[in-house]
Amino acid sequence: MTKLPHYFIAIPLPEYLQDFFSIWQTYLKEEVSYKIWTYKKDLHITLKFLGPVDQQRLVKLQEELTIIEKIPSFTVEIGTLGTFGNLKEPRVIWAGVEKTKELASLQQQIENCAINVGFQKENREYRPHITLGKKWTGNPDHGKIEKLKSKFLHDKQKLHIDQVVIYRIFPERLQKYEVIESYLLGKN
């Protein structure tokens, strides 16, 4: 039996922000230890993880998502440093994304589109972020992460969100995510 490809829906980062957060990663690699650091070209803001998807359902979702092109583009602030998991051994280190009402509305619209074609509703609260590293491998941290958070507190950027994409995941590649569909906000 062939394994189905995995997909997710996200906001891609423009090259200048890929470069910006790659500089953060270079600094962070000297300070904390993670097994996986997100490849620069793979940096993004996830809106909905889909998991394994067959071609028929993917086509239905692609059609359903055209409705988001009616949503106007908008701007958010990004750039605080945060973590998920145990503070002494956080499983993910990330750059924060301002959860504006526009972003929350876009994410909810995408969630609804996915539910309409049979995907499960996400039960966790949406927490927008850009994953910089995951799978902690260091010794237990005793305050280093909190010090790092304060260092990045005022290092913020603006991101104009005018595009949403569906990525296919290729786990064996260096650049693991490939755009298979793109939606321009404010198109209709």
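Cβ coordinates are placed from backbone N, Cα and C, and glycine is handled just like the others.
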Suppose you had to name the range TrEMBL annotates as motif 'HXTX 1'; which of 4-7, 24-27, 44-47, 104-107 would you pick?
44-47
Write down the single range among 37-40, 81-84, 129-132 that appears in TrEMBL as motif 'HXTX 2'.
129-132
Same-chain Cβ contacts of the motif 'HXTX 1' (44-47) under 8 Å, 6 or more residues past its ends?
8-13, 97, 106-107, 110, 128-131, 164, 167, 177
To what whole number does the mean pLDDT across the motif 'HXTX 2' (129-132) round?
96
Six or more residues out from either end of the motif 'HXTX 2' (129-132), which same-chain residues have a Cβ under 8 Å from its Cβ atoms?
13, 21, 24-25, 28, 37-38, 43-46, 78, 82, 92-97
Below 8 Å Cβ to Cβ and six or more residues apart, same chain only. Which residues does that give for H44 (active site, proton donor)?
A10, I11, P12, L13, I130, Y167, Y177
H129 (active site, proton acceptor) in three-state DSSP notation:
strand
